[in-house]
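Trainee: Okay, handing you the structure first.
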Amino acid sequence: MFKKLKQLGPGIMVSAAFIGPGTITTATLAGAGYGYTLLWAIGFSILATIILQEMAARLGVIGQIGVGDAIRKKATNKIFRILSFVLVISAITLGNAAYEAGNISGALLGIEGINALNFDLFGLNIWLLIIGFTALILLWMGQYKKLEQTLAFLVAAMGLAFIVCCILLKPDIIAVFKGIFYPQLPDDSLLMVVGLIGTTVVPYNLFLHASSVKQRWKSSKDLATARWDTIISILLGGLITMTILICSAVAFQGEAQTPESMADLSQQLNPILGSWSAYFMGFGFLAAGFTSTVTAPLAAAFATSEIMGWKSDLKTKTFRAIWILVLVSGLVFASLGIKPVNLILIAQVANGLLLPFLASYLLWIMNDKQLVGRHVNRWWVNGLGLIIIMITLLLGIKSISSALGII
């Protein structure tokens, strides 16, 4: 068992990517507002993520190409190819640059939650610079194994923090299982359900996963290991998200209060966890923010390099230039307190289009025997894939409508 756990790698990077500040915030709000009722939405999102990411992993292992490579090679129609390029660049590259500020700010929020001293250097928060510089060093080293190990440690530590917190709170186990296995949709909860699913089923993770897998495994004999890695890692990520929601549900039970920050949740847990609540929540936010700070630039570099036909090696100049641009953009926006509204607007619309597009594309490509041979999708995978496509289409419509202010 321990030997198998040591084989975890690319899947852990996916978990590290989707458990970011946005996921923690959404799960916290869901628990505070609806108790355990929306746990089923996390369960569904984990199932959908496993189905899609398994296809991406299979593409990487068997086809030895990334999602961006597959789009570029299979998109023979000129209009379709141009549309694909525009969507990927807008959603992944510009989008990750826009969201990177939130990732870095989330890590900073965690540090502040642990009551670390704040001090400035030339008017800039020194902790922001430390977070950014640490991420830069980790990515610049270009050692894929070290990157995997660092993120695996942070995800494991983050999971331990939230799971221990959840156990200490002694939630109502029957209510928890009811929330997971008995889907309910309370009044005004639809947007929250969309948010819980949307923060887990993330387009850029498909690029990140396939590209990471092909660097880690080279033979069809490794497919079983890649699947194990995918399922266990994403289940762990889903468990962490569920424990966050459960902690929030216990903390705000019977309270007509909505948490606006990590401090609100931490203070609410004080009667139960005492001074440890700040450390549990603070470390959780720090780990979540930092892992996303690292994976967002990496995913942008993979996606852009592949879709443009450039070499997607961690040490090439173009690859480094892309992730440096994303990381520095996030640092600048976070340091100056600027929210890049226009970039976020473009990214929301592009992601709304990209998610169902990528899900449909993966379903199509994973039925191509010329590419993956006998490892094409089975009928039940195609069936689940079609259901996921319909749901991602609804998510896409919601994302676009929200970005344009329609709903």
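Every residue gets a Cβ built from N, Cα and C, even glycine.
Annotations for this protein, taken from TrEMBL, read as follows:
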- 12-32: transmembrane segment (TRANSMEM)
- 38-59: transmembrane segment (TRANSMEM)
- 79-99: transmembrane segment (TRANSMEM)
- 119-139: transmembrane segment (TRANSMEM)
- 151-170: transmembrane segment (TRANSMEM)
- 190-210: transmembrane segment (TRANSMEM)
- 231-252: transmembrane segment (TRANSMEM)
- 276-300: transmembrane segment (TRANSMEM)
- 321-338: transmembrane segment (TRANSMEM)
- 344-367: transmembrane segment (TRANSMEM)
- 379-397: transmembrane segment (TRANSMEM)
Trainee: Determine which residues of the chain contact the transmembrane segment (276-300) at the Cβ level, with the cut-off under 8 Å and only residues 6 or more beyond its ends counted.
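Mentor: For the transmembrane segment (276-300), the far contacts come to 13, 16-17, 19-21, 23-24, 92-93, 96-97, 99-100, 103-115, 131-132, 134-135, 138-139, 147, 150-151, 154-155, 157-158, 161-162, 164-165, 204-205, 207-208, 244, 262, 265-267, 269-270, 322-324, 326-327, 330.
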Trainee: Is the transmembrane segment (321-338) close to the transmembrane segment (190-210), in the sense of at least 3 CB pairs under 8 angstroms with a sequence gap of 6 or more?
Mentor: no
Trainee: Applying the under-8 angstroms CB criterion, which one of 12-32, 38-59, 151-170, 321-338, 379-397 scores highest with the transmembrane segment (231-252)?
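Mentor: Against the transmembrane segment (231-252), the leading stretch is 12-32.
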Trainee: Report, as numbers and ranges, every residue of the chain located at least six residues beyond the transmembrane segment (12-32) whose Cβ falls under 8 Å of a Cβ in that stretch; write 'none' if there are none.
Mentor: 38, 41-42, 49, 53, 99, 102-103, 105-107, 109, 147-148, 151-152, 154-155, 158, 192, 195-196, 199-200, 202, 204-205, 208-209, 212, 229-230, 233-234, 236-237, 240-242, 244-252, 255, 257-259, 262, 265, 284-285, 288-289, 291-292, 294-296, 298-299
Trainee: If you count every Cβ pair below 8 Å, which range out of 38-59, 151-170, 321-338 shares the most with the transmembrane segment (379-397)?
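Mentor: Looking only at 38-59, 151-170, 321-338, the most contacts with the transmembrane segment (379-397) come from 38-59.
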Trainee: Quickly jot the same-chain residues contacting the transmembrane segment (38-59) by Cβ under 8 Å, restricted to those at least six beyond its ends, or write none.
Mentor: 10-11, 14, 18, 27, 30, 65-67, 70, 176, 179-184, 186, 189, 192-193, 196-197, 200-201, 205-206, 209-210, 213, 223, 226-227, 229-231, 234-235, 237-238, 241-242, 245-246, 359, 362-363, 365-366, 371-372, 375, 377, 381, 384-385, 388, 391-392
